[in-house]
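Below is one structure; the comments refer to it alone.
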Amino acid sequence: MDDFSSISLLSLAMLVGCYVSGIIPLAVNFSEEKLKLVTVLGAGLLCGTALAVIIPEGVHALYEEILEAKHHDLGEIHKVKEAETGAETSVAHEHDHSNLHAYIGVSLVLGFVFMLLVDQIGSSHMHSADDPEAARAASSKITTTLGLVVHAAADGVALGAAASTSQTSVQLIVFVAIMLHKAPAAFGLVSFLMHAGLERNRIRKHLLVFALAAPVLSMLTYLGLSKSSKEALSEINATGVAMLFSAGTFLYVATVHVLPEVGGMGHSHKPDVGAAKGLSRLEVCALVLGCLIPLVLSIGHQH
């Protein structure tokens, strides 16, 4: 199967899988308490996937590419001049490692700061409304969806970049990693929007935009890459960088928007009696379970 066919099939599978997993909370009628529990579970999934799946996968993608390149270079060097170039190789290897450490931190921070700026810009536009609290809540919903869409788009770029390497194993690993967190993210997004009181039709639109983001961007990335840019892309470890950037956006959405909203602390600072009690024991268990599920799945995926 050629690269274009495989990327098309992977994109279609991503779209369907993401949309179906997001529809589940809409298809089942939950009571108020069960909806809160599902939302808490979704928040746990968002946090767990950011920390246990996306960041490790991004770091792994970075180091895998550099280690493969080093292994290839060493093979070439042994064939040509083993003794003369040994010192140069070790220096280049150390330089690569220092670059990688910088990539990890910079990518994560840029993703987080990007979402922080998007959040602030969205909030400043909303503050002119008559009811600032309602405006803040609306901004929270938009920012949550936008953050996950940006995250999904970065995932799409990662998959497109992986497809351009013409290595089927790399494509499948990136696809599995993306689906591992896209399905829970779609579930988490929809349950959060339901908890926030959005109409079902609008939730479906939000979900569709989120589901489309990664497949569309993966196709565009793959089609937009020429041979020369493919080579340049492999040099700067684009797959790993894109995944780490998306992890930064994901962490912001999970920790700054979804968790406070679920915990009753939200952006609202009104002295609300219901909000002050926080999470019940069952909800805390659901939150911890949500955090642990991606961890267990990622351990299974690594083996």
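For all residues, glycine too, the Cβ spot is worked out from N, Cα and C.
Under the heading transmembrane segment, Swiss-Prot lists 7-27, 35-55, 102-122, 142-162, 172-192, 206-226, 240-260, 282-302, citing sequence analysis as support. Marked as N-linked glycosylation site by Swiss-Prot: Asn29, Asn237.
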Seminar exercise, completed: For the transmembrane segment (102-122), the distant same-chain contacts (Cβ-Cβ under 8 Å, at least six residues beyond its ends) come to 55, 58-59, 62, 139, 142-143, 146-147, 150-151, 154, 237, 240-241, 244-253, 256-257
Problem set entry | For the transmembrane segment (240-260), sequence-distant contacts whose Cβ falls under 8 Å of one of its Cβ atoms, 6 or more beyond its ends | 42-43, 46-47, 49-51, 54-55, 57-65, 103-104, 107-116, 119, 140, 143-144, 147-148, 150-152, 154-155, 157-158, 161, 174, 177, 181, 185, 188, 192, 266-267
For this session: Give the sequence-ordered list of residues that share a chain with Asn29 (N-linked glycosylation site), lie 6 or more positions from it, and have CB atoms under 8 Å from its CB.
Result: none
Seminar exercise, completed: Relative to the transmembrane segment (35-55), the stretch among 7-27, 142-162, 206-226, 282-302 with the most Cβ pairs under 8 Å is 282-302
Exercise. Short question: which residues 6 or more past the ends of the transmembrane segment (206-226) have a Cβ under 8 Å from it?
Worked result: 3-4, 7-8, 10-12, 14-15, 18-19, 22-23, 145, 148-150, 152-161, 163-164, 178, 182, 185-186, 189-190, 193, 198, 233
